[in-house]
Amino acid sequence: MQVYLPIAEMSVDGLLLLGIGFGVGWLSGLFGVGGGFLLTPILILIGIPAPVAVASGANQTLGASVSGLMAQWRRGNVDVRMGTVLLVGGFIGSGLGVQLFAVLRRAGQVDLAVAIFYVVILGTVGMLMVRESVRAILRRRRTGAAAARAHEHTWLHGLPFKMRFRKSRLYISVVPPLLVGMAIGVLSAVMGVGGGFMLVPAMIYLLGMPTSVVIGTSLFQVVFVSANVTLLQAVQVGSVDIVLTMLLLAGGVAGAQFGAAMGTKLRGEETRALLGMLVLSVALGLLYDLVRTPDSLFVIGPVP
Amino acid sequence: MLVLLCALAGGARAQAPLVPPPAAAPPPPSVAANTPQLTADLSTNQVEISTGFTGSSVMVFGATERLIGPQTDEDVIVVAWGPPQATVVRRKVNVLGFWLNGPSATFREMPGFYAIAATRPVWQVLPEDARRAGRLGLDALPLRASGSQAPAFRAALLELKQDDGRWQEYASPVTVAGGRLFSARISFPDTVQTGDYRIEVLLVREQRVIARQELFLRVDRVGTAASIAYVAHTQPVIYGVGCILLAALAGWLGSVMFRRS
C-alpha cells in the first residue's frame, strides 16, 4: 500500500510505516520512553530525508507521549512546578536547537550532525544504563535486595535561586533543572527525540527527584518541548510531514499499549539493561554507517 | 485511463483531418502541400499527484506525413523538460575515519526532469552542432557549476539523476506503427517535482529538423496531498499548530481505543 508523503515529496509503503510505528511503540511502551531515538534513525534508513525524519519524529513523539502524560496526571505523578522550570529551559533549548539545525542544513551537514549527535548521546547513555543496571543486578544477587540510594548533597545544592518543589520533596536551585531542560531542548530539536531516555536518568541522578514523579514530570516536559519543536520546525524548516506522523502514530499508540502491558512483567533492572543495550546497538549501527566506505562518493540534493 | 486515451486520440485525429490513413493511396501533390508534416498530442495534459501516487506515465503519440524509418531517413525525437531545479552535488570525504560531506558544486540552471526518446539515437540522425544546439541528449545539457569545477561532479550528477529516474536517455523507445503513427511513453518517478513540463516532438529528415511541435503538461498535487502541501507552505504557523493538535488527538484516541488494563 503505497502512500505519497506530501512534504517529503516521495511515496513509501504505508504498511511498512504502520509496522515501524507499532514496533517502536511496543518498545517505548515496554521501556516507558518515547521511542524517538529509535524512530528517527529508522526513518532515515528507509530513505526519508533527514530534516523530514527529525521534524516528523518530534511530532510523533508528542502524540505518543500525550496518553502517557494523561495517565500519570490522573495518578498525581506530575510535579508541575519542576516541569515548568524544565520547560522554560526546554523552550530556550529547542529554540536554539532549531536555529542550529537551520545553520547545519545550509552548510549541507545535517545528516552528519544528526548521526554524530546520535552516536555520542546514545553511546554515552546506553553505556551508563547498561553499567548501572548490571551493577544493580549483581548487587541484588549478592545481597538479595537492591540497596537504597541515599540522598546525597553535592555542589549542585550550593547554587543560588533556590526553590521549593513540594511534589519532588526538594529544595534546590532552579539553575540545574533549567540547564537540564535546555540541553534536552537542543537535542530534541536536532535529533527529533523527546529526550525522555536522557531526562529520566538526569532527574534521578542529577536532581535527586523521587522515582514516583520522574516519569510523569518527564512526560510533561516531553509533550510541551516536542510541541514546540514541531511548531518551530514547521515554521522555520517546513519539514513536518503530517501524513508520515499519523501513519507512525496509528501503529505506535497500539504498540505502546501492548508494550506497557508486557513491561509490568519485567523487573526494573532487567528492563533498564535491555533498554541500555538497545540504545547502544542503535549507536553502534549509526557509527558503522559513518565509518564504512559509502556506496557512492557523491550525493545530490536540492539547494537549501 | 484507456477510455481517456482513446478519447484524446480521437481528438487528435479530429484536429488533423488531412493526415491520410496509413492504408490509403498517396495523396495528390496539391493536398500534400497543406498537410502538416507532423502532428502530435499527449494522452493527458495533467499528471495528478494524489495520496496514492507512486509515479505515472504519459503517452506522446502522433503521425507524420511521410513514412518514418531508416529507409526514408526520417526520424522522430521526443524530449521532455521539467521545470528548472537547482541541485547541489556533494562529495564525501574521509576525515579521521568518518565520511562527511566535503566540497560541493551547485548546478543552478538544469531541468529537474529530462527525458529523451527517439526512433534512432540522435547522434545518428543529426549533426553534432545541431544536436548540441537543440540540447538533445544528457551530454548536451548546459550544466554550469558554481563551487567546485571538477568534472567528476558533473559526471556524478548525470549518474545519480539517471539512477533515480529523473533524467532518462533512451530509456524507452519511440515505436512506429504502420509507418506513420508513432508513440513514446514518458514515465515520471514518484519523486517528480510539480510544475509545468514541456514536451518537444521533432521530425528529422536528411540530418535536419524539418518540423517541430511543442506540447505542455502540468504535474500537480491534487486532493489531500495538495491541500497539505499548500497549507504547510502558505500558513506554516497554522499547519504547525494543526500537526500538534492532530498528533495529540491521535495519541489520546489510541490510548482510549487500545487500553489493555
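Yeah, the Cβs are placed from backbone N, Cα and C, and that goes for glycine too.
Taken from TrEMBL, the feature transmembrane segment covers A:12-31 (among others).
Packing against the transmembrane segment (A:37-59) from elsewhere in the chain are residues 5, 7-8, 10, 12, 16, 20, 24, 27-28, 101, 105, 110-111, 114, 118, 122, 188-194, 197, 226, 229-230, 233-234, 237, 239-242, 244-245, 248, 278-279, 282, 285-286: each is 6 or more residues past its ends and has a CB under 8 Å from a CB in it. Look at TrEMBL and you will find A:37-59 (among others) tagged as transmembrane segment.
Through the fold, the transmembrane segment (A:80-104) approaches residues 51, 54, 110, 113, 163, 165-168, 170, 174, 177-190, 199, 207, 209, 213, 217, 220-221, 224-225, 228-229, 232-233, 236-237 of its own chain, all at least 6 residues removed from its boundaries and within a Cβ separation under 8 Å. Taken from TrEMBL, the feature transmembrane segment covers A:80-104 (among others).
Sequence annotations record features per position, and here TrEMBL assigns transmembrane segment to A:110-130 (among others). Residues 37, 40-41, 44, 50-51, 54, 101, 104, 187, 190-192, 197-198, 201, 272-273, 275-284, 286-287, 289-290 of the same chain, all 6+ positions outside the transmembrane segment (A:110-130), place their C-beta atoms under 8 angstroms from a C-beta of that stretch.
Remote same-chain partners of the transmembrane segment (A:170-191), defined as residues 6 or more beyond its termini with a Cβ less than 8 Å from a stretch Cβ, comprise 36-37, 40, 54, 57-58, 82, 85-98, 100-101, 104, 113-114, 117-118, 121, 156-157, 159-164, 198-199, 202-203, 206-209, 221, 225-226, 228-229, 232-233. What TrEMBL records for A:170-191 (among others) is transmembrane segment.
TrEMBL lists A:203-225 (among others) with the feature transmembrane segment. Packing against the transmembrane segment (A:203-225) from elsewhere in the chain are residues 32, 34, 61-62, 65-66, 68-69, 72-73, 75, 77-80, 82-83, 86-87, 90-91, 93-94, 151-152, 156, 165, 167-170, 172, 176-177, 180-181, 184-185, 188, 194-196: each is 6 or more residues past its ends and has a CB under 8 Å from a CB in it.
For A:237-261 (among others), the entry in TrEMBL reads transmembrane segment.
Same-chain residues lying 6+ beyond the ends of the transmembrane segment (A:273-291) with a Cβ under 8 Å from its Cβ atoms: 27, 31, 33, 37-38, 41, 112, 115-116, 118-119, 122-123, 125-134, 137, 197, 266. The transmembrane segment annotation in TrEMBL covers A:273-291 (among others).
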Should anything in the same chain at least six residues away from the transmembrane segment (A:12-31) have a Cβ under 8 Å from its Cβ atoms, list it; otherwise answer none.
1-3, 5, 38-39, 42-43, 46-48, 60, 64, 244, 247-263, 266, 271, 274-275, 278
